[in-house]
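Undergrad: One structure, as structure tokens, below. Some questions next.
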Amino acid sequence: MQMMEGKSVKGCVRRCFQWKTLRNRLPCLLWIPSYNLASFVSDFVAGLTVGMMIIPQGIAMSVMAGLPVQYGLYSAMGCGFVYCIFGTVKNVNIGPTTIMSLLTYEYASKGRDPSAAPDYVTLLSFLTGSIITILALLRLEILLDFVPHTVISAFVSAGAVTIATSQVKDLLGLKIKTSGFVNTWFEVFSNMKESNPWDVIMGLVCIALLILLKNLTRFGGEMGGVGKSGYAVRKTLWFLMVGRNALVVIIAASTAYACSTRDHQPFTIVGDVESGLPGFALPPFSTTDGEEKKGFWDMISDFGMGLWIVPLVATLDAVAIAKAFAHGKIMQGGQEMLALGLVNILGGFLSSMPTASSFSRSAVNRACDIRSPFGSVVASQFSLRYLASHSGLVVILALTVLTPSFYYIPRTSLSAVMISAVVFMVEYEEVINMWKTSRRYRFSSFPY
């Protein structure tokens, strides 16, 4: 019996180190041998471009999740390192997303003491990653096929409306505390007279600019014409469209800085942002929420259904985006789940909130002709001491050098970024299709 057990263990270890097994579990072994200078240049451009997007998005999503603004950047910092090794689709970018920010606020931040919210969020990231990793190792990705598309569509649309509602008070410069859809709108209308006109004007201008820049490429062909000059115009318009979030936030921060005096600041600004990188430490398995001490099981109980909803939504999001960018190739759903799970486990050690795949940043990677999951190789702090993927070093640079410049970012500009991002996520077409296929619609269309 002992001999049989020894043989089985030895055989299992041997299979784990077979080339086929390593190739499936470490996809980086497939592209590293053929990596060359041309791939380096393409990945450098893609990483720099995505990094320009992810910094303002990360800051805005931190605010939406009810966290200090640096936590969105923490969430973006380590993702690329892990996905570079375990990811299978070169275009995919993992980091803070709108849906994850919404779920983070709903299940980890809402109603918490400000000092306890980061502990809840970090633990949720670790547990989310652990659950997804276990499901991947058990090869249970097939269960995702049983989740109806209409359920996901309804969740995304409802989340988009909820996010836009939660940002209205900051867009108007209102200093009120709200919770829930109905309560938020009631408080907004009740306190409309206390709105900051400077914030209102800047917020509306930012939304208008974001929508305008989003549609710039539609006019690229007409404005650019043909030839080298036309190509240059189209590329310039595309670059402005891709970097519109960063551009608008920079303009808004510059305006706030120019309008500020020693004794007066007309806009509601972000204020001091903690600089430096997060420490590498175990996730917090206990915390103090207000005056109440919470142990591990108390925190899990507080998460409620969020402990299962967050991993489910993150996994569905990751697999769907990976399929969309696989370009017809066979997509390993289990491996994508494993990569996502390990990213969130690492996030639990880096003070990160739960992360998922980003469709917009993945689309930019594809448009930049990214060559591998390595993403980008860029310098940090004016040296080549670090290597990262998917704009990780751009985020590190922001955390270590650029945080003082975040002080003057108006909150209304971040709200404008979030509102303009989610307003197009409402899938009203799905409601029309559901109505047309409903029994009442079919019966009401009969001639009698």
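Even glycines carry a Cβ here, placed using N, Cα and C.
Below, the features straight out of TrEMBL:
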type: TRANSMEM; residues: 37-59; note: transmembrane segment
type: DOMAIN; residues: 40-439; note: domain 'SLC26A/SulP transporter'
type: TRANSMEM; residues: 120-138; note: transmembrane segment
type: TRANSMEM; residues: 150-168; note: transmembrane segment
type: TRANSMEM; residues: 198-216; note: transmembrane segment
type: TRANSMEM; residues: 237-258; note: transmembrane segment
type: TRANSMEM; residues: 305-326; note: transmembrane segment
type: TRANSMEM; residues: 338-356; note: transmembrane segment
type: TRANSMEM; residues: 387-409; note: transmembrane segment
Undergrad: Between the transmembrane segment (120-138) and the transmembrane segment (338-356), do 3 or more CB pairs sit under 8 angstroms, pairs being 6 or more residues apart?
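TA: Yes, the transmembrane segment (338-356) contacts the transmembrane segment (120-138).
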Undergrad: Of the stretches 198-216, 237-258, 305-326, which racks up the most C-beta pairs under 8 Å with the transmembrane segment (120-138)?
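TA: Highest pair count goes to 305-326.
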Undergrad: Given a Cβ distance threshold of under 8 angstroms, which distant residues of the chain, six or more beyond its ends, lie next to the transmembrane segment (305-326)?
TA: 88-89, 91-92, 94, 97, 99-100, 103-104, 106-108, 124, 127-128, 131-132, 135, 141, 144, 147, 152, 155, 333, 336-337, 340, 344, 354-359, 362-363, 366
